[in-house]
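**Q** One structure, pasted below without further comment.
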Amino acid sequence: MIMSVGRLTVFAALLASIMQVAFSRGAGDRCFCQVTGNLDDCACDVETIDAFNNDQLFPKLQKLLESDYFRFYKVNLDKPCPFWTDNNQCGMSSCAVQPCSPVRDPVMLPTCYAISHPMDFLTVVCSEKTREALQNWNLHDDEAERFCVIDDVESPDAQYVDLLLNPERFTGYKGPAAWQIWNSIYEENCFKVNPLLNNTFVWHTVNPGCSLCVISFLVSLSAPAFYRWLDGQCVEKRAFYRLISGLHSSINIHLSARYLMDDNWFQKKWSHNVSEFQQRFDSELTAGEGPKRLRNLYFLYLIELRALAKALPFFQQSSFQLYTGQPRKDQAHKELLLEVLRLADTFPLHFNENSLFAGDEKEAGKLKEDIRLSFKNISRIMDCVGCFKCRLWGKLQTQGLGTALKVLFSRRQIDDLTKPNVPRPAFQLNRQEIVSIFNAFGRISTSIKELKNFRSMLADFR
């Protein structure tokens, strides 16, 4: 459902009035992003996460994600939207994604690089040696681990993309077709709410420019009524909603931190946009929703951090290798990967995944299947995103979160990896899942780091 033009106009006028009042009162004086204390459904607190991520984990993780194994992600950006006819593709250069394409010049470096053209389309080229290594990755995975390769990877339309050369940032993608994405995610997948409460809209974003969407509503009911409904749900349903909201918040932080601040014929400059951040998370500009969104971001961080820690036995297997065709670098990067995972395992206040699906076995199994199908549906919605760069990062981050859930829901199979006489452990991860879970967590880790930067910038206004 798309809101009518008339209602959008009324909302825009109301929003402008609210923003004018808020900024006249001095938004810099309100420490709205100083989210503190314990998180719901967790034994952890915000301060512990900030210190652990910013001071210990973030630097090592970013170094790992710059390696060849993790910087290349194979994706099919040409799949049609399965839910509605979408002819509203973004035509701006900032929305474009150029995959690695082979060249036959033997003097080329064996890595991908970019050339900036006048229209700022990104042209990425690879040497023949790099292309062969990329093609061998899937073969190596099949032979060494017999991973279940998803259909998207095997499609002739799927191509490798260098994530470092196609960063997630503000693209200018906006309009009803853009916010319809998040509207569909929340309305169709966050478990149906009581229709008797269907009165007003709770807005998760209030300004155009989101890298996946623009304006969307969480669910069709008032904020107090929604949170009363949410508090009455089981921990699994609350967790599912909070994961989606946390992902939404993380993406909003990314676009606010890499916002197009200067766009002219000579250059494009991306940097932090404090006012954009305020409009998405300031308590007074979001009817008190902003701090809740940030707390959901921290909840998402805990879930994905726990999944990485739980997956450590899989990556410790001698049979697992980061295959890129460069044995020495591959071994060094595996050691760095294990260092990151061991560090994640030392986090003192992990989320207790045993609280999920711990009730009646039959009911727990049905609920788990409902969540699995809902998340599968969300990943399909990503093929409806009109901005190709937004689609790339949307598909990667939803697959990464889905992989994290797969890890948490497979604790028995993972335990089998440490048993000596298990002939063929049931738990496996293919290369796409590995690349996506680490890069998705890298995005969440970056969001936590950027919150510190925005706090510093807001302090300058006081």
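Note that Cβ sites are derived from N, Cα and C of the backbone, with glycine treated the same way.
All TrEMBL annotations are machine predictions without curation.
Per TrEMBL, signal peptide is recorded for 1-24. The disulfide bond annotation in TrEMBL covers Cys90-Cys95, Cys126-Cys148, Cys387-Cys390. Per TrEMBL, the feature FAD binding site maps to Arg169, Thr171, Trp182, Ser245, His248, Arg280. Under the heading active site, nucleophile, TrEMBL lists Cys387. The active site annotation in TrEMBL covers Cys390.
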**Q** So how far apart do the FAD binders Arg169, Thr171, Trp182, Ser245, His248, Arg280 get, largest Cα to Cα in Å?
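**A** Roughly 21 Å, rounded to the nearest whole number.
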**Q** Counting other Cβ atoms within 10 Å of each Cβ, which of the disulfide-bonded residues Cys95, Cys387, Cys390 scores lowest?
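**A** Counting other Cβ atoms within 10 Å of each of the disulfide-bonded residues Cys95, Cys387, Cys390, the minimum falls on Cys95.
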**Q** Using a 10 Å cut-off between Cα atoms, which of these recorded positions sit near Cys390 (disulfide bond): Cys95, Arg169, Thr171, Trp182, Ser245, Arg280?
**A** Cys95, Arg169, Thr171
**Q** Could you work out which of the binding-site residues (Arg169, His248, Arg280) has its C-beta surrounded by the smallest number of other C-beta atoms within 10 A?
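**A** If we count Cβ atoms within 10 Å for the binding-site residues Arg169, His248, Arg280, the smallest count is at Arg169.
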**Q** Roughly how many Å lie between the Cα atoms of His248 (FAD binding site) and Cys387 (disulfide bond), rounded to a whole value?
**A** 16
**Q** Within 10 Å of the Cβ of Thr171 (FAD binding site), how many other Cβ atoms are there?
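**A** Summing over all protein chains shown, Thr171 (FAD binding site) has 25 other Cβ atoms within 10 Å.
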**Q** For Cys95 (disulfide bond), identify the closest of the binding-site residues Arg169, Thr171, Trp182, Ser245, Arg280, judging by Cα separation.
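**A** Ranked by Cα distance from Cys95 (disulfide bond), first place goes to Thr171.
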**Q** What does the structure give for the C-alpha distance between Thr171 (FAD binding site) and Cys387 (disulfide bond)? Integer Å is fine.
**A** 8
